[in-house]
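If you check Swiss-Prot, you get these features:
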type	residues	note
SIGNAL	1-22	signal peptide
CARBOHYD	ASN25	N-linked glycosylation site
DOMAIN	46-163	domain 'CUB'
CARBOHYD	ASN55	N-linked glycosylation site
DISULFID	CYS104-CYS124	disulfide bond
DISULFID	CYS250-CYS294	disulfide bond
DISULFID	CYS280-CYS335	disulfide bond
DISULFID	CYS287-CYS337	disulfide bond
Amino acid sequence: MSLFGLLLLTSALAGQRQGTQAESNLSSKFQFSSNKEQNGVQDPQHERIITVSTNGSIHSPRFPHTYPRNTVLVWRLVAVEENVWIQLTFDERFGLEDPEDDICKYDFVEVEEPSDGTILGRWCGSGTVPGKQISKGNQIRIRFVSDEYFPSEPGFCIHYNIVMPQFTEAVSPSVLPPSALPLDLLNNAITAFSTLEDLIRYLEPERWQLDLEDLYRPTWQLLGKAFVFGRKSRVVDLNLLTEEVRLYSCTPRNFSVSIREELKRTDTIFWPGCLLVKRCGGNCACCLHNCNECQCVPSKVTKKYHEVLQLRPKTGVRGLHKSLTDVALEHHEECDCVCRGSTGG
């Protein structure tokens, strides 16, 4: 090979190495810029831990501009001192993808209590700015999720600060949250609601969409007797459990009964609080028995299951357990007129 050819080959190889190195440096630069911009972690199995000693803030990527798609970011705020709380305040500039059927399914930010996994709230859309959130201890977790469609702006920004428990505002007895009311008062309060949506919104103003979604999420471990035995459809419109009462003479007719009284449960609230059951009613004016007075009594009784919302106080902490449950109530299938006080009819 000539000396001239060898020089050309050496020059070409050197240029290729320089180009590769420049490309690698450029790639690393973009990667570093991208990682710095995320303001959190991309892997949903990990979280970015932020030590909180002074005021600060976290925000969606590119805030207040359109956030990126396909993003999952998790932050866990941990106060330096143990006996303090963390307060979150949302910036007035708030806008994520709109909910579907009033439920935040796609793009949302949610706040979780790390101690017990309770979701304090999930928010999306741009109609209202979420209210302040206060942790139960010295930690709180925030998660931001966006899917591959319709990113919005400006995203969100959450300001955090330390709150001393002894200096938090006391809740006035007149504005106690529903979960803090005695069961009897709460039972009276919820009877005024005609739809399940309004009831859940009253109980959990910040996270009612989540609770409503959880109630109707299929869970095989919790399927009730009404589902397994096919006594009624699993999908029940709890807003339409009222009907006209028709009067018959000693026949099964609709009666409204209090579930708490029927089951003798004073530790639990049910909604609806009353249900229609078949009970013998009417009169026996045309009684065929030769007696002074007849009465209408059941001759065939069965038990039927009704799916209702059950509210029970949580043990040791403030709040209510909410679940759909089946209650068994007596229904009179057939009725007869018998002499009052008679055992044989």
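Including glycine, each Cβ sits where the backbone N, Cα and C put it.
Features per Swiss-Prot, on structure.
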residue : record                      : DSSP (3 states)
ASN55   : N-linked glycosylation site : coil
CYS104  : disulfide bond              : coil
CYS124  : disulfide bond              : coil
CYS250  : disulfide bond              : coil
CYS280  : disulfide bond              : strand
CYS294  : disulfide bond              : strand
CYS335  : disulfide bond              : strand
Closest of ASN55, CYS104, CYS124, CYS250, CYS294 to CYS280 (disulfide bond), Cα positions, recorded positions only:
CYS250
Recorded positions near CYS337 (disulfide bond) (Cα-Cα within 10 Å), from ASN55, CYS104, CYS124:
none
Listed recorded positions are ASN55, CYS104, CYS124, CYS250, CYS294; which of them have CA atoms within 10 A of the CA of CYS335 (disulfide bond)?
CYS250
Over the domain 'CUB' (46-163), what does the predicted model average in pLDDT?
91
Cα distance (Å, whole number) from ASN55 (N-linked glycosylation site) to CYS124 (disulfide bond):
24
Would you mind reading off the Cα separation of CYS250 (disulfide bond) from CYS104 (disulfide bond), to the nearest angstrom?
52
Local Cβ density at CYS335 (disulfide bond) - other Cβ atoms counted within 10 Å:
23
Run through the Cβ atoms and count how many others sit within 10 Å of the one on CYS104 (disulfide bond).
23
ASN55 (N-linked glycosylation site) versus CYS294 (disulfide bond) - Cα distance in angstrom:
79
